[in-house]
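Working notes for the structure below.
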Amino acid sequence: MRHCINCCIQLFPEDAHKQQVACQGGPHHSHQACPSCKGEDKILFRVDSKQMNLLAVLEVRTEGNENWGGFLRFRKGKRCSLVFGLIIMTLVMASYILSGAHQELLISSPFHYGGFPSNPSVMDSESPSDVKEHHYQPSVNNISYVKDYPNIKLIIDSIAARNEFTTRQLPDLQDLKRQELHMFSVIPNKFLPTSKSPCWYEEFSGRNTTDPYLTNSYVLYSKRFRSTFDTLRKAFWGHLSHVHGKHFRLRCLPHFYIIGQPKCGTTDLYDRLRLHPEVKFSAIKEPHWWTRKRFGIVRLRDGLRDRYPVEDYLDLFDLAAHQIHQGLQAASAEQTSKMNRIIIGEASASTMWDNNAWTFFYDNSTDGEPPFLTQDFIHAFQPEAKLLVMLRDPVERLYSDYLYFASSNKSADDFHEKVTEALQLFENCMLDYSLRACVYNNTLNNAMPVRLQVGLYAVYLLDWLTVFSKEQFLILRLEDHASNVKYTMHKVFQFLNLGPLSEKQEALMTKSPASNTRRPEDRSLGPMWPITQKILRDFYGPFNTRLAQVLDDEAFAWKTT
C-alpha cells in the first residue's frame, strides 16, 4: 500500500513508485502544492508489516482515517516537537522508576584508610534552651527512608553483635615518662599544701625586661588572646616572689576539668561556674592542650605543626596563679597556714573523647587500640583531679553537632544520608577491629561525615574509670540542667567544695540566659526525620544501657527524653 506524504491519500497499484490520482486532500488542502492537482508525479511512502520509526508513523494515514484530517493538518515541525517532548518525558519517568526507589541506599565506598583528620577544630557545647526540638515537617524522601530501615537495621544489629566493653591494658609510669620526658621534667611530683589547686614555685631566670610570653604558641597562633597576654606581661614582674636575689613564679595546673562532651551544655556550665568568686579558669576557655596542642594540632584541617610545650599551657593559668600567690603571701605575712580557697578550672570539651593524634606519635602494637590515652597523663600528674562531665541524649547531641559544624546544604535529608554513611563505615571497621580500636580510630573518625563516635559515652567513661575513681566524677545530664539550673549548680558547688553564694550572686548565676544557643538559621531547619531518630536510638541504645549500668542511673539510658 502506498500513500501521498503531502495529503496522505491512498495510491494504487502496489508496485508503482509514481502514480497520478485525483486529489483527496480536503477543502483546506493546498492544490497548488499537491502533485495530483498539478498533474505531477506523487512522492510515495511504503507502509509494510515491518516495525516502523516512530516519527515516520505520524506521517502516514491508512484507509478510513480521513476523519483525523484536522489533527494531521499540523505542520510537520510542530508534530516533531510534540513527539520529541513525549519521548523525553517517557525517558525521565522510566529513569525515575528504575533508580529512584534505590538512590537513598547509595552510600560511600567501604572504610578506607586516609590522611590527616579534617573534622572541625572547634569543640563547643550546647545550651539548655536547645534541648527541645521543633515540630515535625513531612518530606517525600522520608517515605523512602522508612522503606530503607530494614537494611540499615541489619547494619546496626551487626555492630551491636560485636560490641564488647573490654578492659584496656594500662601503661606503667615509666612508659608514660618515655613518651613525655619534657613534661615530666617541668611538673613536680608534689604541690604546695596550702593551695587547693596544684601549684608550685619555679625559678624565673629572666630580667625585668624579659618577655615571658614571647614564644608562647597560643599568642603566636591566635590574635584573639594577645590583649590578654599583654595584660599578663605588664603585671608579670610584680607577681614574682623574690628570695635571696632569685626570682620565683607560681605555676599551677587546674584543680578540676570540664572534660566533655561537645554540644552537651559545657559552655553554659562554664559561664555560670566562673561567676563564683572562688573559681578561676584558664585565659582561654578551651585550650585543647592535652588532646591536640601538645601534639602540634592547631586546626585539624591544617595538619601537624610544632608541638606546644607544657610551659605554654601553664601560662594560661597565670592570672589565677597571680591571685593565689597574693593569697599565699598574705597568709605568710600573717604567719598562718590558711588554705587558699581559689580553685582553677579548665573546660576543653575534647578532653574526654579526643585521642585522634595517637596514631602519629605512639607505636601501634595493641591491635589498633591506643597504648596511651589522655587520662593516663593527667592521672600521672594529678591523681586527685576532679572531673566534671555534662552529657546529653546522644541522638539529639549528634543532630546539634551536625547543625553547628556543617557549613552548607544542611537539611534533615542530608543529615539522614550522613548518618547512614557513618553507620556503614563504623560497621566496616567493626568487622576487623575491636570496639575500642574503632572508637579511637583516627582514619575512621576522619572518614565519617558526622561525629557518631562522640556519643559513645560508655566507652570513654569506662576507659577513664581505669585510672580515676568514680568518686572523682560528677556526671550531669543537660536535660536535668535545662529543667533546673539552680539544682545542678548546687550539685557542682558541693562537688567542688565551694563556699556559698550571696542571694544576689546566686540570682545572677541561675537567672542568666543560656549560653551558646542554637543559631536562628539552624532552628529554622526543624528536627531530624523520625526515621533517622529511630535509627540512631537503635544504634546508641546498647551504649546508653551500659552507661546507665555503670552510673546506676536509668536516666542515662535516655529511653524517654
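Positions of Cβ are set from backbone N, Cα and C atoms, glycine also.
Quick caveat, the model's predicted, so the values are computed rather than measured.
Taken from Swiss-Prot, the feature topological domain 'Cytoplasmic' covers 1-80, and the record attributes it to sequence analysis.
The feature transmembrane segment is assigned by Swiss-Prot to 81-101.
The topological domain 'Lumenal' annotation in Swiss-Prot covers 102-561.
The 3'-phosphoadenylyl sulfate binding site annotation in Swiss-Prot covers LYS263, CYS264, GLY265, THR266, THR267, ARG392, SER400. Around the Cβ of SER400 (3'-phosphoadenylyl sulfate binding site), 24 further Cβ atoms fall within 10 Å across all displayed protein chains.
Taken from Swiss-Prot, the feature N-linked glycosylation site applies to ASN364.
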Item to check | Across the topological domain 'Cytoplasmic' (1-80), average pLDDT on the 0 to 100 scale | outcome: 44
Checklist entry - Given the binding-site residues LYS263, ARG392, which one is most crowded in terms of C-beta atoms within 10 angstroms? => result LYS263
Item to check | Where SER400 (3'-phosphoadenylyl sulfate binding site) sits in the secondary structure, as DSSP reduces it to three classes | outcome: helix
